[in-house]
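Colleague: Below you will find the structure I want to go over with you.
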């Protein structure tokens, strides 16, 4: 897992001098978007007395279906200018519980550069980013590397509780007789492993049990995600993806979960969670994914002083939480109106929407709830609905259903995709939102940096 993070870290730009050299060769997003439309003129969201925080660059290694290709790539990174490193992950490897620190050392950063790891389910890298934003805004740092990582192909698998207890007791046994006595009590069921479960501790339900909507509608949305992702991939729009070479194996250059199918084929798949009559299937769910992402964020003054041209401002953000049993995946519904109010914007001001797609049904449920006065009044304590984002602005380069969802890394993908779309489509404001386990959620406003 730490090597995956090191791969993403090494692909961040290192200094303005590299802009014409290695960086331009390996990650020249600006050249891809020279024909971008000019954004509409709107007010900027800068606040008096508050430091502007900007995204200088964001990269990710290709998101891969777990159990497929490995992950490694190498370039350079500015070791001497980074003040702090913070990363998100969900399923932690016990040997590298602070994976941010291990990855930083593996990537060649100075051992004097502090690093810590956060975990907040599917919004872990969102938390990493906003932690960096807070540190910069408070004047504690000027340059922060933030991101996330998940390795679903090699998750920690534990012995059963009975076996763990026996092994710990055996370790304390002093005589041969005591050890033999403990060993004699081991039974076959002790050897049954405990597999990690993507389930709610408080309710024992997995996200897939939040079954909602007709299967045909879910499949239609999932097909839309895969089709748009394939189109974006073919047109070279997914510029945050960095190829990497696995020693002794293939060079991986693109996400490998994008697979447009047909409604007929998708409809043949059996329910994955609620059986036999559930509507959530493998076709309309995000798949288990390996991946890592990294973003270089700075104070605007520092970025300009170093000769960088930022991509976007990171503006207002909110975190929300609600009942994990009945409203597990509705984080975007609760977070969207709050972040809009905080920024002084309305839904119509937003040019680009990037929402995390855990399941097609989750997206459809959020869109329905956001467009419901009844839900706003009875569940959210609001006078009226915020409204549903128009689909022509919504996840138009695909989403987690098609690109993949490495739990700890998706948030950075959402933000850098929003920044790239704003430049390509001539917009000014993007809204990023995501749900997370525990009934939590996040939303952030991204503002295009003036061209």
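Placed from the backbone N, Cα and C atoms, the Cβ positions cover glycine too.
Automatic prediction, not curation, is the source of TrEMBL annotations.
Per TrEMBL, the features are:
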type: DOMAIN; residues: 68-301; note: domain 'Thiolase N-terminal'
type: ACT_SITE; residues: 122; note: active site, acyl-thioester intermediate
type: DOMAIN; residues: 308-447; note: domain 'Thiolase C-terminal'
type: ACT_SITE; residues: 405; note: active site, proton acceptor
type: ACT_SITE; residues: 435; note: active site, proton acceptor
Colleague: Do you know offhand how many angstrom separate the residue listed as 'active site, acyl-thioester intermediate' and residue 435 (active site, proton acceptor) by C-alpha?
Modeller: 7
Colleague: Please list, in sequence order, the residues in the chain of residue 435 (active site, proton acceptor) that are at least six apart in sequence and whose C-beta is under 8 Å away from its C-beta.
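Modeller: Sequence-distant Cβ neighbours: 122, 123, 328, 329, 330, 331, 332, 356, 358, 362, 366, 441.
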Colleague: Note the mean pLDDT of the domain 'Thiolase C-terminal' (308-447), expressed as a whole number.
Modeller: 97
Colleague: Given a separation of at least six residues and a C-beta threshold under 8 Å, show me what packs close to residue 405 (active site, proton acceptor) in the same chain.
Modeller: 63, 122, 286, 287, 289, 356, 357, 358
Colleague: With DSSP as the reference, give the number of residues of the domain 'Thiolase C-terminal' (308-447) in helix, strand and coil.
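Modeller: For the domain 'Thiolase C-terminal' (308-447), the helix, strand and coil counts are 56 helix, 34 strand, 50 coil.
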Colleague: Starting from the Cβ of residue 122 (active site, acyl-thioester intermediate), draw a 10 Å sphere and report how many other Cβ atoms land inside it.
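Modeller: For residue 122 (active site, acyl-thioester intermediate), the count of other Cβ atoms within 10 Å is 33.
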